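What Swiss-Prot records for GLY84 is anthranilate 1 binding site, and it gives sequence analysis as the kind of evidence. What Swiss-Prot records for GLY84, 87-88, THR92, 94-97, 112-120, SER124 is 5-phospho-alpha-D-ribose 1-diphosphate binding site, and it gives sequence analysis as the kind of evidence. As annotated by Swiss-Prot, Mg(2+) 1 binding site applies to SER96, GLU229, with the evidence given as sequence analysis. Positions annotated as anthranilate 2 binding site by Swiss-Prot: ARG170. Here Swiss-Prot flags ASP228, GLU229 as Mg(2+) 2 binding site, drawing on sequence analysis.
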Amino acid sequence: MSSFNIHEILEQLYAAKSLTSEQSQAFFERVVQGQVDPIILSSVLTALKIKGETAQEITGAANALLAQATPFPRPDYDFTDIVGTGGDGLGTINISTASAFVAAACGLKVCKHGSRSVSSKSGSSDLLAAFGLNLDMSAQQARQCLDDLNICFLFAPQYHAGMRFAAPVRAALKTRSIFNVLGPLINPARPQFELMGVYAPELLKPIAEVHKELGMKRVMVVYGSGLDEIALHGETQVAELIDGKIIEYTLTPEDFGVQHYPVEAIIGGDPSENKIIIEQILQGKGSDAQQAAVAVNVSALLVLNGKADNFKEGTKQALAMMLTGKPLQLLKTLAERSQC
């Protein structure tokens, strides 16, 4: 990479020409090493956004961030992640975080990668901190929790320290950039299975292609009528990576055996408000809409990990598991273990 030339990259982008995966990787490696001037970074992020980021550019950036991440002792068993880009602006309850604990209670190994809020009042780490989870637990400690409890949480800033170099530019630009889609792609444990929500339908196919380039086994990329998760208020568009191919289809609440509910029925609040709501959901005491919103996302995770034959069966499994209260117990146990 000694021939790396930042001005060539800039000129290429100014001409609306896409970068190769290698060029993108070389550039973002320098970003997370603190070697890129903020003005240059601002120009590149803006040019990429106006042109529209390609799968190759996103893959290169993801590979750069994964290469620079703090290592995680990766297990040799299969495990999964459920995560959204955020940025849908709707401020719903923490569906993917709640779903992670239900899925773990159903027997999946879930390595949840997350950070602070992007668009909601409460990101995954904000919520888990409200439950008493120590976000700074070591990688070894997190791995032990994955082994023993079926679940762990990896706090993105702890594993991607180099992202701090981009933070001032991202804050100043106040707009979505390639970084918004990178978060769900850079779990340092590198799961082979993932349910990933995106904030715009045009991201579905490119992000599925990125997962393929990153060597994932099976992934569902979803956009639920404005939500970065599977929706109850309308259709959910899906791009699924399966057996090395990407297939596109649409899901409705009927496919999961549940009713339609308005999106207003799953709006959340700040972390302390969301904590109360999630506490209810994880023991089957939430509203019908709240229980269903979590159940359909758990169902998709169960199907893509081979733990349910179809979405209706997966939804039934998830709803039944919440009624046992086991998912809440799991969350409390993880919080206790993280403080040791």
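For all residues, glycine too, the Cβ spot is worked out from N, Cα and C.
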Other CB atoms, at most 10 A from the CB of ASP228 (Mg(2+) 2 binding site): 28
Cα proximity to GLY84 (anthranilate 1 binding site), best match among binding-site residues THR92, SER96, HIS113, ARG116, ARG170: SER96
Secondary structure of HIS113 (5-phospho-alpha-D-ribose 1-diphosphate binding site) (DSSP, helix/strand/coil): strand
Spatial neighbour of ARG170 (anthranilate 2 binding site) that is closest, considering only the binding-site residues THR92, SER96, ARG116, ASP228 and their CA atoms: ARG116
Of THR92, SER96 (the binding-site residues), the residue whose Cβ has the fewest other Cβ atoms within 10 Å: THR92
CB contacts for GLU229 (Mg(2+) 1 binding site) [other CB atoms within 10 A, all chains]: 28
Candidate with the highest Cβ count within 10 Å, taken from the binding-site residues HIS113, ARG116, ARG170: HIS113
SER96 (5-phospho-alpha-D-ribose 1-diphosphate binding site) versus ASP228 (Mg(2+) 2 binding site) - Cα distance in angstrom: 10
Count of other CB atoms lying within 10 Å of the CB belonging to the residue listed as 'anthranilate 1 binding site': 30
